[in-house]
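Heads up, the thing below is written out as structure tokens.
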Amino acid sequence: MTQITLHNTKTRQTEVFVPLNPANVRLYLCGPTVYDRAHLGNARPVLVFDVLVRLLRHVYGADAVTYARNFTDVDDKINDRAAATGRSIRDITDETIGWYHADMDALGADRPDLEPRATDWIPAMVEMITGLIDRGHAYATEGHVLFAVDSYADYGALSGRSVEDMIAGARVEVAPFKRNPMDFVLWKPSDTDQPGWDSPWGHGRPGWHIECSAMSYGLLGASFDIHGGGIDLQFPHHENEIAQSCCAHPEASFARYWIHNEMLQVEGRKMSKSLGNFFTVRDLLDQGVPGEVIRLVMLGTHYSRPMDWTEDKRLTAEGALRKWRALTAGAAPGAIDPEVITALADNLNTAGAISALHRLANAGDAGGLLASAQMLGLLQDGMGDWLAASGDDAALVDGLLADRAAAKAARDFAAADAIRDRLVAAGVVLKDKPGGVTEWQIGAGADLSSLKG
Ligand SMILES: Nc1ncnc2c1ncn2[C@@H]1O[C@H](COP(=O)(O)OP(=O)(O)OP(=O)(O)O)[C@@H](O)[C@H]1O
Ligand SMILES: [Zn+2]
């Protein structure tokens with residue numbers, strides 16, 4: 001059986017992955033808070049986990065993997081959005097979940113097996129909080145329930161900080177009723193105009209962290225294999241999940257491997273809704289960037305490295321997919337290249353797997369390329385429509401580029417430049433690469449009619 005290694009944030013080591021039960025490998029990914037369209041950064045953990053799940057299904061069997069990803073549909077950001085728009089919370093969260101599905105589907109990400117909504121799990125959260133109070137890990141005060149970080153000796157182990165460092169470094173919400181400033185909310189009171197549920201501590205709503213602890217326990221059990229999310233969630237969200245889950249179920253291990261993806265950045269800073277420096281997946285799709293081009297760009301960088309979205313990467317990915325789709329048109333999938341599996345099994349080396357795809361393409365191995373690309377969720381059936389739609393235009397541009405190359409070869413540079421100018425004037429973006437290769441892209445607002453005839 002293929003041996004998979006993964007970098008475990010919890011131990012800071014790259015470890016051989018050994019599932020608790022190879023017949024049921026269980027993963028949990030923290031999903032979105034649903035009040036707005038997903039930005040491109042939000043797609044990164046989805047794509048990383050989609051490839052991880054594909055690999056696990058390949059190794060352990062299609063039915064031997066259970067993948068859960070939640071929707072956080074109770075949160076103050078959602079309440080704010082509802083108040084600002086006059087719309088109901090349910091209306092906003094339903095609509096946003098619909099968008100999220102459509103956008104992630106367009107990137108070729110399979111839907112998880114389980115997609116719990118937090119609001120369907122309130123009784124489980126109340127039960128877990130009650131257990132934490134009974135065991136002396138939480139206390140109720142002034143309508144709130146707080147987790148007592150001093151009651152859990154390992155608090156801070158995931159992010160490698162002591163409680164003292166956290167207090168010094170964090171902007172913690174100071175509340176007079178907190179025993180320790182790092183104590184965090186498990187339950188808080190709701191006004192009549194806020195979403196709320198009856199509980200032993202009055203009418204209120206859960207804190208964000210308890211949602212994931214309660215849902216992962218309910219769906220995957222007290223011990224499961226892999227927990228993931230962006231590195232921005234390591235502290236405090238994941239630290240708090242561990243504290244809650246391990247104190248509620250001290251006999252169990254909770255998640256054994258923690259996988260954190262680095263951030264998609266814009267000019268060196270995390271792409272984020274709060275910073276306002278984002279564009280959505282839908283923005284890109286609407287601009288005509290095909291979902292599988294977005295996917296290939298995102299998988300081109302290892303998940304543990306920060307990355308930028310650049311126009312150059314987009315052009316390169318589109319050029320590669322155009323070539324791969326042409327080569328594999330009508331081909332039946334062959335065998336998956338072992339190098340692709342070896343690369344993925346090596347802590348999800350997606351860039352290494354993509355290099356193997358280039359090698360297969362250069363060798364003209366259509367069946368091998370198709371099967372191997374599909375291992376990465378690329379060249380999926382039904383995702384190549386963008387190429388058919390642009391097929392005539394592609395032939396037109398390729399024909400003119402061939403004329404230009406011929407003119408250059410004949411040292412008729414004036415003619416070569418004239419062809420280049422015509423293409424650029426029509427809105428085709430050209431990028432000359434080493435080795436006489438020209439990558440191209442039909443730019444936004446292009447009009448190719450001047451190139452015809
Ligand atoms: N720039 C980014 N790059 C990679 N992953 C990200 C990025 N931003 C968020 N994520 C991940 O997306 C998932 C969903 O994030 P969430 O809905 O909590 O809000 P958010 O987009 O992080 O909000 P904000 O952008 O305001 O910080 C989480 O796993 C998070 O780690
Ligand atoms: Zn979570």
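Each Cβ is built from the backbone N, Cα and C atoms, and glycine gets one as well.
As given in TrEMBL:
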- CYS30, CYS212, HIS237, GLU241: Zn(2+) binding site (BINDING)
- LYS273: ATP binding site (BINDING)
- 339-387: domain 'Cysteinyl-tRNA synthetase class Ia DALR' (DOMAIN)
- 32-42: motif ''HIGH' region' (MOTIF)
- 270-274: motif ''KMSKS' region' (MOTIF)
Residue pair HIS237 (Zn(2+) binding site), LYS273 (ATP binding site) - Cα distance, angstrom, rounded: 17
Of CYS30, CYS212 (the binding-site residues), the residue whose Cβ has the fewest other Cβ atoms within 10 Å: CYS30
For the residue listed as 'ATP binding site', the one of CYS30, CYS212, GLU241 that lies nearest, given that the binding-site residues are compared by Cα: CYS30
CYS30 (Zn(2+) binding site): secondary structure state under DSSP, collapsed to three categories: coil
Cβ packing number for HIS237 (Zn(2+) binding site), 10 Å threshold: 17
Close-lying binding-site residues around ligand 1 among CYS30, CYS212, HIS237, where CB distance stays under 6 Å: CYS30
The motif ''KMSKS' region' (270-274), counted residue by residue under DSSP: helix, strand, coil: 0 helix, 1 strand, 4 coil
Near-site residues: Zn(2+), ref CYS30, CYS212, HIS237, GLU241, CB cutoff 8 A to centroid: TRP208, HIS209, GLU211, SER213, HIS227, GLY229, LEU233, HIS238, ASN240
Reduced DSSP assignment, HIS237 (Zn(2+) binding site): helix
Fewest-neighbour residue among binding-site residues, criterion Cβ within 10 Å, set GLU241, LYS273: LYS273
Per-residue pLDDT averaged over the domain 'Cysteinyl-tRNA synthetase class Ia DALR' (339-387), given as an integer: 96
